[in-house]
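The next block holds one structure in the form of C-alpha cells; read it before the comments.
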Amino acid sequence: MALPGNFLCCLLVAWLCDPGLGVPLAPAYGAPAVGQFWHVTDLHLDPTYHITDDHTKVCASSKGANVSNPGPFGDVLCDSPYQLILSAFDFIKNSGQEASFMIWTGDSPPHVPVRELSTGSVIEVITNMTVTVQNLFPNLQVFPALGNHDYWPQDQLPIATSKVYSAVSDLWKPWLDEEAISTLRKGGFYSQKVASNPDLRIISLNTNLYYGPNIMTLNKTDPANQFEWLENTLNSSLRNKEKVYVIAHVPVGYLPYATKTPAMRQYYNEKLVDIFRRYSSVIAGQFYGHTHRDSLMVLSDKNGNPINSVFVAPAVTPVKGVLEKETNNPGVRLFQYKPGDYTLLDMLQYYLNLTEANLKGESNWTLEYTLTQAYGVADLQPKSLHGLAQQLATIDSKQFLKYYHYFFVSYDSSAPCDQRCKTLQICAIMNLDLVSYEDCLKRHL
C-alpha cells in the first residue's frame, strides 16, 4: 500500500477541522487525591480510506470486500480513517479530565497484505500518529509500546536494532530519557519514570518477541535478553521502593474467545507469569491491547490468591473480518489511581457509537461505563476483581451479561454467549498459567 506523499499535510489539515466532540459524562474530581492517566491502543490507521461509489475500494484494509455502510468515521470492514483517530484524541484533549500521562500500547498501521506495506510506510504511519499526539498534547508525557503491526513484515520484530526501532527511538525522544531510548533502540522495550510521579516507573515490554507468528524468535529462550532486563529492572524498583505499571501490546494469559490459546507462545507466557508473580508487590497494574476487546484478568499466586490486576483495552479501530459477526465500537479509557502507592481505584471506559456517528456526521464520544459503578466493586485491586470474576462465573449471572456486552464495547447487545463461550471467558479471566487454566477447563467444560 503506497502512502500518498502529501499524507502528513492532509492530516494536519484534518486536524484543524472540528470532528464534533461529545460532552464528557465522567464525574468531575476536583480533589488532587486522585491521579489519572489515559490508555489508547490499536489505532490501525488506514490512509487509503475514502468514500466512493465502489464499495469494494473504500479502504485497503477491507481487502476488496464490499463495505456496506462507510461513513466519515469509518466502517466495520475497514481500519480507522484519520478522522476517527483524530476524534478520539480530540475527545481526550477536550474531555475536561486532568491526566498525568498517557499509555499507548501499539499497532498504528492497517491490517493489509504484507506486499502493500514496507518498512518506510510503516515508519511513516507511526510518525504521523506520533506527530498527531505530540501536536495535540505538547505537555503530556506519553508512554508507547510497540505492537505486532508496528513492523514490516508484520509480526517479525527482531531481537536486535532495526530501522523501526531506531525510528521510534528518535520519534519518542520527547517522552523518554537516554537510558530508555538506548534499550528501545536495541530491543524495542524500555523503562521510564513518570515525570510527575518520580516513584512510579513504566515498563514498556516488547511482547511481540513472544508472539506465535514471529519466526525471528523461534527456539530462543530469552529474545533480546528482555526477561533478564525485566527482572533486573523490577528488582531495582523493589530496592528503590518504586511502583511499576507494566504496559505492552500482546497480553499475558489466554485469549478469552479461543480454547487453550495463549496470546503468546506457551513457554514465554509461563516465564512472564512467573516473573510477575515474584514481583507482584512492585507491579501496581498491567495494561495491554492487541485483542481489540475489553477484558480483564486477575493474576493469582500458585495457591490461588489474587495478586495482580490486568487490563486489556479495546481498540480505536472498529475493523472485523468479513466472516466475523461481532466487532467493537471504538474505545478509549481513563484510569484513576491513588497518588503515593499508585493503587488503581477506577476505570472509565469511553466509546463512540460508530453507526450513530456516521449517520449524524459527528463524533459523540460518551462514557460507556465506570468499572466500580457498573459492577459494584470497591476498586480495581486484585481481591476486588477476583470477587467480581466469581460473580461473573455464577449461573445466569447478570453481571456476566453486562461484561460480555462491554467486551464488544456495546457493539451488539444481542451477541450470544453459550456455556462454552462463558467458560472460556471465565477461565481466561481467572487463570493465566497453563496448569490452572487447563484445570479450569476440565472442571467446567
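For all residues, glycine too, the Cβ spot is worked out from N, Cα and C.
Swiss-Prot lists 1-22 with the feature signal peptide, giving sequence analysis as the kind of evidence.
Here Swiss-Prot flags Asp42, His44, Asp107, His292 as Zn(2+) 1 binding site. Reduced to three states, the DSSP call for His44 (Zn(2+) 1 binding site) is coil.
A coil conformation is recorded for Cys59 (disulfide bond) in the three-state DSSP classification, outside any helix or strand. Proximity of Cys59 (disulfide bond) to non-local residues of its own chain (separation of 6 or more, Cβ distance below 8 Å) is seen for Asp46, Thr48, Tyr49, His50, Val67, Pro70, Asp75, Leu77, Cys78, Asp79, Pro81, Pro110, given in sequence order. According to Swiss-Prot, the feature disulfide bond maps to Cys59-Cys78 (among others), an assignment based on similarity to another entry.
For Asn66 (among others), the entry in Swiss-Prot reads N-linked glycosylation site. Sequence-distant neighbours of Asn66 (N-linked glycosylation site) (same chain, 6+ residues apart, CB-CB distance under 8 A): His55, Thr56.
Feature annotation from Swiss-Prot assigns Zn(2+) 2 binding site to Asp107, Asn148, His249, His290; the stated evidence is similarity to another entry. All protein chains considered, the CB of Asp107 (Zn(2+) 1 binding site) has 30 other CB atoms within 10 Å. Under the DSSP three-state reduction, Asp107 (Zn(2+) 1 binding site) is assigned to coil, being neither helix nor strand.
Among the features that Swiss-Prot reports, ATP binding site is placed at His111, Asn148, His149, with the record citing similarity to another entry. Proximity of Asn148 (Zn(2+) 2 binding site) to non-local residues of its own chain (separation of 6 or more, Cβ distance below 8 Å) is seen for Gly106, Asp107, Gln154, Asp155, Leu157, Asn208, Tyr211, Pro213, Asn214, His249, Val250, His290, given in sequence order.
Taken from Swiss-Prot, the feature N-linked glycosylation site covers Asn128 (among others), and the record attributes it to sequence analysis. Under DSSP, Asn128 (N-linked glycosylation site) is assigned to a helix (H, G or I) in the three-state scheme. Asn128 (N-linked glycosylation site) is surrounded by 21 other CB atoms, counting those within 10 A of its CB over all protein chains shown.
What Swiss-Prot records for Asn219 (among others) is N-linked glycosylation site, and it gives sequence analysis as the kind of evidence. Sequence-distant contacts of Asn219 (N-linked glycosylation site), defined by Cβ-Cβ distance under 8 angstroms and a gap of at least six in the same chain, do not exist.
Neighbour count (other Cβ atoms within 10 Å of the Cβ, all protein chains): 13 for Asn235 (N-linked glycosylation site). Here Swiss-Prot flags Asn235 (among others) as N-linked glycosylation site.
In the three-state DSSP classification, Asn353 (N-linked glycosylation site) falls within coil. The Cβ neighbour count for Asn353 (N-linked glycosylation site), using a 10 Å radius and every protein chain shown, is 21. Here Swiss-Prot flags Asn353 (among others) as N-linked glycosylation site.
Among the features that Swiss-Prot reports, N-linked glycosylation site is placed at Asn364 (among others). The Cβ neighbour count for Asn364 (N-linked glycosylation site), using a 10 Å radius and every protein chain shown, is 15.
Listed in sequence order, Phe400, Tyr404, Gln425 are the same-chain residues at least 6 apart in sequence whose CB falls under 8 Å from the CB of Cys417 (disulfide bond). Annotation source Swiss-Prot lists disulfide bond at Cys417-Cys421 (among others), citing sequence analysis.
Residues within less than 8 Å, Cβ to Cβ, of Cys427 (disulfide bond) and separated from it by at least 6 positions along the same chain comprise Tyr254, Tyr437, Cys440, Leu441, His444. Residues annotated as disulfide bond in Swiss-Prot, with similarity to another entry given as evidence: Cys427-Cys440 (among others).
In this structure, His111 is the one among the binding-site residues His111, His149, His249 with the smallest number of other Cβ atoms inside 10 Å of its Cβ. A gap of 17 Å separates the Cα atoms of His111 (ATP binding site) and Asn128 (N-linked glycosylation site). All chains included, 26 other C-beta atoms sit within 10 angstroms of the C-beta of Cys78 (disulfide bond).
According to DSSP, Cys440 (disulfide bond) sits within a helical segment. Separating the Cα atoms of Asn128 (N-linked glycosylation site) and His44 (Zn(2+) 1 binding site) is a whole-number distance of 12 Å. Rounded to the nearest whole angstrom, the C-alpha distance between Asn353 (N-linked glycosylation site) and His149 (ATP binding site) is 25. Secondary structure from DSSP puts His149 (ATP binding site) in coil.
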